[in-house]
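Student: I am attaching a structure below and will ask some questions about it afterwards.
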Amino acid sequence: MDPEGFTSGLFRWNPTRVMVQAPTPIPPPQQQSPATPQTAAFGMRLGGLEGLFGPYGVRFYTAAKIAELGFTASTLVGMKDEELEDMMNSLSHIFRWELLVGERYGIKAAVRAERRRLQEEEEEESSRRRHLLLSAAGDSGTHLALDALSQEDDWTGLSQEPVQHQDQTDAAGINGGGRGGYWEAGQTTIKKQQQRRRKKRLYVSETDDDGNEGEDDDGMDIVNGSGVGMERQREHPFIVTEPGEVARGKKNGLDYLFHLYEQCREFLLQVQTIAKDRGEKCPTKVTNQVFRYAKKSGANYINKPKMRHYVHCYALHCLDEEASNALRSAFKVRGENVGSWRQACYKPLVDIACRHGWDIDAVFNAHPRLSIWYVPTKLRQLCHLERNNAEAAAATLVGGISCRDRLRLDALGFN
């Protein structure tokens with residue numbers, strides 16, 4: 001027997017078997033220790049108050065006593081300031097727990113901060129959704145979903161013509177064999193939208209100030225109701241209509257215009273109710289806060305420039321409805337446009353101010369439907385000018401001339 005054959009048959013050398021190593025076993029994942037019943041009960045017992053009151057110096061035992069009364073963080077956020085004060089008084093009377101002065105202010109400050117945080121989260125979420133919608137519309141390569149953005153803008157000067165020209169250019173590039181046309185078009189559209197939104201935010205931050213509420217906006221081109229800084233469709237223009245007449249075609253009548261002022265009054269009442277519930281400052285006139293609330297409620301057709309533009313026309317409608325109706329009928333018969341009718345509404349108001357000692361502000365404040373509106377600057381200037389003219393004319397005559405006599409002379413044709 002060959003010893004070499006026996007050895008080679010018994011011990012076979014396999015290099016691959018030596019190189020392969022057994023895989024190391026994977027250690028089982030470490031299981032987290034389950035929360036003890038005491039820990040879970042601790043978090044449920046406080047109801048989120050520890051995170052709400054933590055940075056405001058409220059003691060732990062105070063938060064525990066509030067939680068024992070059945071209050072949670074969500075409950076406190078939805079309460080008014082008067083209700084918070086009642087809760088703290090109940091805490092002192094029931095548990096005989098002495099609240100520190102800083103704790104009382106800290107509880108109110110924590111609730112206000114939580115309200116602001118929730119409101120900011122809602123605004124960020126809505127802006128994020130709006131940005132996603134605009135981005136999706138820009139990537140699709142079509143401007144059909146962006147009718148509001150492609151409409152003509154009074155401030156930026158944009159119109160549909162550049163958009164159509166861009167679409168034609170992109171189509172020509174794609175038909176010419178360039179596959180980057182859609183991508184370039186989408187990037188260009190997104191950049192334009194971002195620039196437009198940035199400019200609108202800057203403009204709104206400059207003009208959206210409640211301190212300048214008394215200023216008139218006569219110099220703005222808002223006959224069609226196009227507000228600056230708002231993404232809305234251009235509305236139908238107004239035409240002169242008689243009382244009870246419905247405008248035909250894509251037009252709006254004057255009855256609809258006066259109805260918008262009644263809606264603004266309702267929105268003001270809603271804003272006042274919300275402000276009282278929150279313990280905030282309650283507006284007494286139609287301010288930017290009311291217009292923002294109207295837009296948030298879906299009434300995009302109500303905007304500050306348009307309502308300030310025709311407020312003196314609405315004032316004439318409230319103070320002397322017969323004169324307003326007669327003026328509307330006369331301009332309707334003559335076929336005058338709404339701009340001429342708007343200018344003609346100043347003179348009757350100046351005459352009304354003359355009968356009340358030229359105090360047009362007192363005339364507005366005395367009327368329940370006009371007291372919520374600011375007096376237009378132009379109307380106040382006309383009253384001041386007419387008053388100076390009347391005083392100068394009275395100084396030249398012996399004994400002077402009264403306002404009633406001046407109106408009688410105007411009626412007879414002696415101007």
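Glycine is no exception: its Cβ is also placed from the backbone N, Cα and C atoms.
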Student: Could you tell me which of the ranges 74-77, 130-133, 346-349, 374-377 is annotated in Swiss-Prot as DNA-binding region?
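Tutor: Checked against Swiss-Prot: DNA-binding region maps to 374-377.
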Student: Pick from 184-188, 229-233, 234-238: which range does Swiss-Prot record as DNA-binding region?
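Tutor: Spelled out, Swiss-Prot records DNA-binding region over residues 234-238, not the other listed ranges.
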Student: Labelled DNA-binding region by Swiss-Prot, one stretch among 79-86, 151-158, 303-310, 399-406. Can you tell me which?
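Tutor: In Swiss-Prot, residues 303-310 carry the label DNA-binding region.
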Student: Rounded to the nearest Å, what's the C-alpha distance separating Arg292 (site 'Interaction with DNA') and Lys281 (site 'Interaction with DNA')? Just drop the number here, would you?
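Tutor: Here the two Cα atoms lie 16 Å apart.
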Student: Between 0 and 100, where does the mean pLDDT of the DNA-binding region (374-377) sit?
Tutor: 92
Student: Counting Cβ atoms within 10 Å across all protein chains shown, which of the recorded sites Lys281, Arg292 comes out on top?
Tutor: Arg292
Student: For the DNA-binding region (303-310), jot down how many residues DSSP puts in helix, in strand and in coil.
Tutor: 6 helix, 0 strand, 2 coil
Student: Work out the three-state DSSP category of Lys281 (site 'Interaction with DNA').
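Tutor: Note: Lys281 (site 'Interaction with DNA') is coil by DSSP, not helix or strand.
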Student: For Gly339 (site 'Interaction with DNA'), just count the other CB atoms lying within 10 A of its CB, please.
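Tutor: Total other Cβ atoms inside 10 Å, all chains included: 11.
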Student: Taking the Cβ of Asn288 (site 'Interaction with DNA') as the centre, how many other Cβ atoms fall within a 10 Å radius?
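Tutor: Its Cβ has 17 other Cβ atoms within 10 Å.
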